[in-house]
């Protein structure tokens, strides 16, 4: 049930005609309280969509009582008019919910959009969708909401992590443009725990740093990435900061792996484990460099354990390492030792979807894992044949 | 005739069995003087192939009398044994040429290799190839040499630029792994002008900075990139530094465009012209970011003028610009003005091979052009089905 598993939340997902067919495309998540604390993490792309600019302000206010999410249009690169559209959506949502008995201001409504960049949203349809979603709000609405935010996703992504008397729930979308500083994605996490906004902020940043931020499917960063964490306090239990962080991290990890497994056109999920690094930043830099290398990614698509391409990618980084000391294993076979050929590459079995590349820099004790996908014909097809 | 058009040079290209079939795979270029001044630019990848480590030393010595180039194997990531192989090749070449009447030391023989990373070269075949090439040396051998260095290239790349009583000739190979800090490539340039090594070094660095360094076909940097410039002085004419730089730049530009046009699997040659930048570094950073964006590249393959993806790529840079001020034109149609939709994107004609993306940052007067290719099914096929 995703975002509605924690108590104090209702949600809905409806079809408003933003996407072709009868697909759900507008989601609404409402926090009925008693608390309405929230935190958010947004794309670091300097070209930010209107809903990102808006929601950053809302989160800075510290109170989020509702989130409207739409697929079928990103409302990015739409200028001042696009920002007005987002503002109008928040005003309309606040008025609709207030009419139904909640007291909500527009500045407490976060907005998320996803879809094609550069086109205005069909506002009449969107606002009708908000009305319909308001009517459909339900404590069982989490799954419908998760479905409504899908774009090229082939399946909805939801998660539930249970604490001691409290729960974290979540939903996410994202299948392409999955990249650094957060996979291109929208994600709403909810909890019925009691937690102040600072605690939520620390937990969310700690969680995204080691999960969404380390998924790099295609090296492309979106204009719309948004991860929100809302706390209702309904459970009346206040977990420690460490407990909350652990639960939020587990929820983000689960959703991140679902994004990876549903990445556009991918045939492999690839974990790049960098160990023996001088520090964590070095490990992340090396992992990301390998994750973004099109020659490594095409080799994996071709079931080719081409460790030379991996080493060439490592060599483009500024990380501390001696090229003559690097070891590389692919699915457990150490095909490269001390920067040269070692075990027989024909021993490597790449027929499954899961691939683990382990790179030992022999420069320290730090480690990090970056997750990526291969580069396939289907990726090219999906991203060349359709405008997204 | 490429490298043998300038007087004072002989070359050969022979089949030594390093590549399958009867294809030429060993090239030899000899500078008969009277001068033997030289300059070189090498990959900035920290994982450098043995021939790169060797040739860097040779060029530091300032005298290059011969260059041996082989396709069919990169001799990269081959450890100390691989370096010994390169050293032995230089020793053998020097001895062979000395026996034929030239006085050449091993330290005056540069070595270039290209092909699969991580495997030792078949030395018996290679050294026999050097012997055969030494026998075949000819003032008309430039074309055979250019053919012998091809890997996945579909055609040899040669150039001739004529000065006032002197000439620059060149050959290059490279079709994939074309990336920053030099497209993955081997290139030998020759001139019969009189020029000292400092003059050659300045000319070569100025030329590669604005040509090979700005070709970024697939964002992947090789372990073997090498560009050499040899001067024989046979013409007895000493051009000014500016004249020499202009001629070397013209030769590099010509070869770089040939590399771009023959890039693995590409269906488009794309010029990304960044104008209105605060400084040249900003312009290069923005151009490179767009050139490396797989979503932009797949859109171009699909003839889709998806300016939103272009803006999203620009937004990942640290360059000075206001997202609300950026203009983007695709093949002359300004589809984006002030960060939002402008002219009708259906007016953009992307049916030809040549594409020009013009990005005006409105942040200054600096400009730079980065050249790249689209990302096609054929790129994925070529790089997944074959180990290179």
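The backbone N, Cα and C atoms fix where each Cβ goes, and this holds for glycine too.
Here is what TrEMBL says about this protein:
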| type | residues | note |
| --- | --- | --- |
| BINDING | B:151, B:173, B:184, B:264, B:383, B:388 | substrate binding site |
| ACT_SITE | B:184 | active site, nucleophile |
Interface-proximal binding-site residues, chain A, C-beta separation under 8 A, candidates B:151, B:173, B:264, B:383:
B:383
Does residue B:173 (substrate binding site) have same-chain partners at least 6 apart in sequence with Cβ under 8 Å from its own Cβ, and which are they?
B:71, B:114, B:146, B:149, B:150, B:151, B:153, B:156, B:157, B:185, B:186, B:187
Let me know the DSSP-derived helix, strand or coil state of residue B:151 (substrate binding site), please.
coil
Here are some binding-site residues: B:151, B:383. Which one has the most Cβ atoms within 10 Å of its Cβ?
B:383
Around residue B:264 (substrate binding site), how many other C-beta atoms are within 10 angstroms of its C-beta?
27
